[in-house]
Amino acid sequence: MIYETAPAKINLTLDTLFKRDDGFHEVEMIMTTIDLNDRLSFELRKDKKIVVDVEQTYVPSDNKNLAYKAAELMKKTYNLQQGLTITIDKNIPVSAGLAGGSTDAAATMRGMNRLYKLNRPLEELCALGIQIGTDIPFCILGKTALCKGKGEIIEYLDKPPSAWVVVAKPDLGISSPDIFKKLDLTQPHTVHTEACENALISGDYEQLCKSLSNRLEPVSGKMHDEILKIKANMLENGADGAVMSGSGPTVYALARKERQARHIYNAVNGCCNEVHIVRLLG
């Protein structure tokens, strides 16, 4: 049996530059990882089936699950005959803007690479993974990075300074395609990509907090004002910086001290069904 840890990602920045001819948006975003993890195990079967075993009933176990899709893609690409069972211990909130599905798919590709002794380079897996999810290449590598294109052009950056992260997901679901459809690229909105990159290079925590920005936040916030209320609540209760991750609805806050993070946690815990205190990984 093979084990893999699948950490959640957060966006330090997210900018959308223009709509591409292939229907996707050209993005420029800085992402890092946090120690909120799913845990996956992989075991060979005697038949050819892919079986996904996940305890939570709201998580699909068929080909709607990105881990299942990743396993299908790996089997087809590398002509793998023997089936496998994928067991997922799910801790990352779903449909949250934290790449919970993508990180499971990435862990599946890494896990199968070891389980079947394929020894393929991770960069090769990234090129495969982009076929089923734009966050998957980042999740396969799992390091702080500037991602461009659809998300497949990856430039490694320095790890962020050490900090606590309070992650809060309100009780609502958001469809990423719906958010991108409602995005008006003619509306002015500043995303501080370069400032964030410089903050990572210099290890400047205060500048990092000031640079947190997301082009999709006003769009998701207009549809669901809970998002902006949570962000305001975090900042009012001592967050050094706060921003929505991905297309939402999750908002996170950065804090230098654990006591500070606990205070923010207590402030938002009553209005969110899922709140976690974790650490930046990067």
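A Cβ is built for glycine as well, from the same backbone N, Cα and C atoms used for every other residue.
Source: prediction; values computed, not measured.
Feature annotations, reproduced from Swiss-Prot:
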type	residues	note
ACT_SITE	K9	active site
BINDING	P93, V94, S95, A96, G97, L98, A99, G100, G101, S102, T103	ATP binding site
ACT_SITE	D135	active site
G101 (ATP binding site) - helix vs strand vs coil (DSSP): helix
Length of the line joining the Cα atoms of G97 (ATP binding site) and D135 (active site), in Å: 10
Listed in sequence order, residues not in P93, V94, S95, A96, G97, L98, A99, G100, G101, S102, T103 with Cβ within 8 Å of the centre of the ATP site Cβ atoms: A8, I92, G246
Helix, strand or coil at K9 (active site) [DSSP, three-state]: strand
K9, P93, T103 screened against D135 (active site), Cα within 10 Å - retained recorded positions: K9, T103
Set of same-chain residues at least 6 away whose C-beta sits under 8 angstroms from T103 (ATP binding site): A6, P7, A8, K9, D38, I92, D135, C139
Set of same-chain residues at least 6 away whose C-beta sits under 8 angstroms from S95 (ATP binding site): G173, I174
Mapped DSSP class for P93 (ATP binding site), helix or strand or coil: coil
